[in-house]
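As recorded in TrEMBL, the features of this protein are as follows:
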- 18-145: domain 'EamA' (DOMAIN)
- 158-294: domain 'EamA' (DOMAIN)
- 12-34: transmembrane segment (TRANSMEM)
- 40-61: transmembrane segment (TRANSMEM)
- 73-94: transmembrane segment (TRANSMEM)
- 100-122: transmembrane segment (TRANSMEM)
- 129-146: transmembrane segment (TRANSMEM)
- 158-177: transmembrane segment (TRANSMEM)
- 184-204: transmembrane segment (TRANSMEM)
- 224-242: transmembrane segment (TRANSMEM)
- 254-272: transmembrane segment (TRANSMEM)
- 278-296: transmembrane segment (TRANSMEM)
Amino acid sequence: MLLSTMTSTRTTLSLFGLLTLVWGTSFVAIKAGLDSFPPILFAAFRHDLASVLLLAFVAASSRRWLPRTRSDLELIAIGGALMVGGHFSLLFVGQQYVPSALGAILLSLTPMLTALFAVVALPAERMRIHGVAGLVLGFLGVLVIANPSPSSLGGQLVGVLLLLGSAASFSIGAVWAERYTASLPIVSIQAWMMLFGAIVLHAISLRHPGETVAAVEWTQSGLLALVYLGVFASAVGFLVYFRLMDAVGPSETSLVNYATPVVAAVAGWALLGEQITALTVAGFGLILGGFLLVKADAIRSSVLHRGSTAVPAFYDDSREHVVVEGNAYVVESGSETGYPAD
C-alpha cells in the first residue's frame, strides 16, 4: 500500500513537472515562432496540427468520438470560438509585445477571471469575502506589471491588454460551457474544439492583410517552434493535463498555471536573452496570492478528499453535465478533465 502510494505520488509529481516544463517553454516557442509566422496564422497552424493528432488519438482510443447531440455541437462551437479562437489569437498577437514570462503570468489570471464571470453570469455562484480580496489582489498585480504611466503607454501596455483579453475570452467561454451537457469523453470534445478553433483562427487571419501564407518565412527555427507547440504543448500536453486532473483534481492542477511563469522566465532568459523586472516579479506574487485566496475553499476541499480513486476520465465514455472549476471542466459524477488556458 505504501509502495503504491509512493509510486502514485512520484508519477503525479513527474506529470506536474513535465507539464510545467512543456507549457513554460511554449511561451518561448511562441516568441521564437513569431519571427517567422504572422501571429494569428501561427496560432491557426498550431491548432491544425494539434487537432489532427488529438482526433486521431480519440478515434483510436474511444468508442464514441463523433459529436452526436446538439449540445455537443454547441459546446464545441463555444469552446472553439472563445477558448481557442479568441483566446489564442489575442495571446499570439499580444505575445509580440511582452517577454515570454509576462505572457505566462498574465494568463495565470484565467482561473480568477473565470470565478468572477461565473458570479456575474450564473445565479447559483457566490463569492466569499476572501474571494473578493483575492480578485482585488490579482488585478492589483496586473496594474503593477502593466505600470500604466505616460512613459509606458506603448508596446508593453498594448501587449498586457491583449493578453488580458485572451484570458477573458477563455474565461467567458468556460462559464458559458457550464450550460451544456457533453455526451462524449471530454478529450473528444476538446479535439473537436481545437479543430473548430483552428477554422476560426484561419477565418480571423483572412481579415488581416498581413496574415497570409506569403508572409511566412519558412525557417528551421520557425518550423521547430510550430512542431513543438502543435505536438508537445498542445496534443501531448493536453493528454498529460487530463491525466494529472484525474490524479489530483482541478484545483491542484490549476497550480500548473503558477509554475509555468517561472519556467518561462528562465527559458526566456537562457534562450532569448529576456530580462525580468522587479515589478514583474512583484506583480506575479500578487497574482499568485490572489489565486490562493480565490481558490482557498476548492484547494482545502481537494486536500481533505485526497486519496479517493477515480477512473481516468479521458478514457471514460460516459460523460455527464459539464461544469467549470477555475480553468477546467468538471463532470458532476466526479470525474474531472479540462482544457488549460495555454
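The backbone N, Cα and C atoms fix where each Cβ goes, and this holds for glycine too.
DSSP assignment over the domain 'EamA' (18-145) gives 101 helix, 0 strand, 27 coil.
For the transmembrane segment (278-296), the list of distant contacts is 99, 101-102, 105, 108-109, 111-112, 115, 127, 130-131, 133-145, 147, 251, 254, 257-258, 261, 326: same-chain residues at least six beyond its ends, Cβ to Cβ under 8 Å. Most Cβ pairs under 8 Å with the transmembrane segment (184-204) belong to 224-242, among the candidate stretches 158-177, 224-242, 254-272.
The residues of the domain 'EamA' (158-294), classed with DSSP into helix (H, G, I), strand (E, B) and coil, number 111 helix, 1 strand, 25 coil.
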